[in-house]
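Database features, via TrEMBL:
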TRANSMEM  6-27  transmembrane segment
TRANSMEM  39-57  transmembrane segment
TRANSMEM  69-87  transmembrane segment
TRANSMEM  120-136  transmembrane segment
TRANSMEM  156-176  transmembrane segment
TRANSMEM  188-207  transmembrane segment
TRANSMEM  219-236  transmembrane segment
TRANSMEM  248-266  transmembrane segment
Amino acid sequence: MDSQVLVALGLSLLGGLSTSLGALFVVISQAPNLKMLGLLQGFAAGLMLSISFFDLAHNAINSIGFLKGNLWFFAGVIFFALVSNFIPEPTLASISSAKGKKKDGDDRGKDIMKKHRRQVLFSGIITAVGISLHNFPEGMAVFLGSMKGLRVGLNLALAIALHNIPEGVAVALPVYFATQSKWQAFKLATLSGLAEPLGVIIVAYLFPSSLNPEILEGLLGAVGGVMAFLTLHEMLPLAFDYAGQKRAVKAVFFGMAFMSASLYFLERSLPADMSL
């Protein structure tokens, strides 16, 4: 297997398996700190915005021109908007309803409680399927970023990994409530994240290893559009809900500053012959 594909596969595993970290929050504490998750979402949103606008879109415009760069960027926006329209990303809202159902079940008897558990388990499975489908294009993004260079792929993988932690919570918590099995909750959350490396494997066979540089830059511009839409449409609203608007905005700018610093130190620390 090509070394670029192996690198992309490793980076996508980092992002995909971060759903397991979200599941660990559930397994260990059973009641995740939503404020901390909101701050993580805000921080990841800052990383994503920085990558999208200051790196991917900026490089696409400089490489293939203002018009083509913008067309590719907004093609990515439209593509992921359609994905989100047909496969809306599940949130932690179902968790609160699950808790409410648990209280109702205690009042009405064990039979109703069993029915509620089955309903919550079904919602957890649907959540896992939705997140898997949602993670697939993220794996494609990591692969295309890795074709550009290690820096781009690493930055995308880091931002996506932080974004995937609450997704792991969203899968694990209803499954744990329904089954009372920590292993089942952890396993299903982990499996939902494996769609990301699967996306790398499939797209590696769709795209030749030596793409036309103009097409590669255009695709990366489209990835920037995907990341920008994901950030503004899904990550920021979650950050505002869980951490509050003021704290979330601070976390966003902290994430942007962190990304700028990481780019600087990464470029200085990598060997001169390694692609960035």
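Placement of Cβ uses the backbone N, Cα and C atoms for every residue, glycine included.
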The transmembrane segment (188-207) in contact with the transmembrane segment (69-87), cutoff 8 A, at least 3 CB pairs, sep 6+: no
When counting Cβ pairs under 8 Å to the transmembrane segment (39-57), the leader among 69-87, 156-176, 219-236: 219-236
The transmembrane segment (156-176) in contact with the transmembrane segment (69-87), cutoff 8 A, at least 3 CB pairs, sep 6+: no
Long-range Cβ neighbours of the transmembrane segment (6-27) (under 8 Å; 6 or more residues past either end): 33, 131, 135, 138-139, 142-143, 145-147, 150, 153-154, 156-158, 160-162, 164-173, 176, 182, 185-186, 189-190, 192-197, 199-201, 204
